[in-house]
Amino acid sequence: MIDSHCHLNLAPLGSNLTEVLRKAKQNGVKRIMVPGITPASWKVLSSFNSQPYCDILPIDTAIGLHPYFLPKERDEIPPLLKQFEEAVAGAVVNTKESLSVAEGALPNSQGFLAVAQGCDPEAQGCLSNAQGCLSSAKGCFCAIGETGLDGHIPVDMNVQKQVLHAHLDIADSFGLPVILHHRKSHHLLFEALKASSFEGRGVIHAFSGSTDVAKRYIDRGFCLGIGGTITYERAKKTKDTVTYLLRNHPESILLETDAPDMPMSGRQGQPNMPHYLTDVVAALSGLSEIEPNEIKTITSANYARLFKPSLF
C-alpha cells in the first residue's frame, strides 16, 4: 500500500525519520508521497532521496505552496510566486517538450514525469530512456502541490485563487499532476478548474463530500485521497460516498494519512503516522466486500497511474 499524502518533514516525524519509515515498512507501506507546502520545505524535500533513510522506503515529493502558509499581505505574493516558478523551472524537466522529442520512450507516456534536481535530460539519457533517468534521479518532484483553496483561514480568497491558478498553469506547462487541498471550497475549486487551461490529472487530498461532488472530480480526471475521516462513525456522508466509489470507481481512490495531522479514530491526541494507513484500508474493506490486500493492490496501481514514480 502507498501513502499518497504524508508530511514526513514535519515534527515529530522529521526528527526520527528512520524509525518512522521502518515502522511504515513493517506495516506494509511500500511508498510515500510528501507534498511541499513552503519554500523551506522544498529545500528539505529535494534532498530526501540522497539520504540514507531512503534505502528503507522510497519517497516521492511534490513542490507547492499550501494556502494555510500564504502571507496575508498582497504585495508579498508576486515575489513568492516568482520564487515558486524559478524553483520549478530549476527542478523539473518539461515533460511535454521532452516527450515530443522522445516519442514512444515509454508506454502510456502522456504526462510522464521526468523531474530531478539538477538533472540534465540529455546527459542522463532522459530523452532516450526516461525510466532510467528517473530511477537514478535525486531530489525528484513528482507533482505540483500541495495547493488549493481553504475557506476556513484568514487568507484572502482572491489571493488563494491567484496562487492556485499559478500552480495550475505551471502543472499544465510541465505536464505534471496536481495535489489539491480543499476545505469549505468545493464550488470554488470547480470554478477555478473551469477557468484554468489545466487539462491534466491530480488528486483531491483528504476528500470529504457528497457522491455528486466526487463524480464531478472524477469526470475531470481526478483521483480522491481517502484518509482518516472514514475511520470515524460520524462521517456518514463521506462513508456513503466512499462506498459508492468502491462499487463504481475503485480506480479513483488513493490512500493517505496526512500524517502527522488528521489522526485516525481511536488515536486522537497523538501524532498520526504513516503506518496507521492500515486503519484506512480496514475501514475501506469494512465498507465493501473487497479484501484488504485487493484494496492495497488497486490503490497502489491508481497511484502509479497518476504520479508514475521511478519504480513503476
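Numbering starts at 1 and runs along the chain as displayed.
Each Cβ is built from the backbone N, Cα and C atoms, and glycine gets one as well.
Remember, TrEMBL labels are computer predictions, not curated facts.
When Cβ atoms from all protein chains are considered, those within 10 Å of E146 (divalent metal cation 1 binding site) total 30, not counting its own. Secondary structure at E146 (divalent metal cation 1 binding site), taken from DSSP and collapsed to helix, strand or coil, is strand. The divalent metal cation 1 binding site annotation in TrEMBL covers H5, H7, E146, D258.
Marked as divalent metal cation 2 binding site by TrEMBL: H181, H205. If you draw a 10 Å sphere around the CB of H181 (divalent metal cation 2 binding site), it holds 26 other CB atoms from the protein chains shown.
For H7 (divalent metal cation 1 binding site), the same-chain residues lying six or more positions away in sequence with a CB closer than 8 A to its CB are L13, V34, P35, I37, D258, A259, P260, D261.
In this structure, the CA atom of H181 (divalent metal cation 2 binding site) is 7 Å away from the CA atom of E146 (divalent metal cation 1 binding site). Around the Cβ of D258 (divalent metal cation 1 binding site), the number of neighbouring Cβ atoms within 10 Å comes to 23. Taking the mean position of the Cβ atoms of H5, H7, E146, D258 as the divalent metal cation 1 site, the remaining residues of that chain whose Cβ falls within 8 Å of it are C6, V34, P35, I37, I179, H205, A206, E256, A259, D261.
Following the DSSP three-state reduction, the secondary structure of H181 (divalent metal cation 2 binding site) is strand. In this structure the C-alpha atoms belonging to H205 (divalent metal cation 2 binding site) and E146 (divalent metal cation 1 binding site) are separated by 9 Å.
Its Cβ taken as reference, H205 (divalent metal cation 2 binding site) is surrounded by 25 other Cβ atoms within 10 Å in the chains shown.
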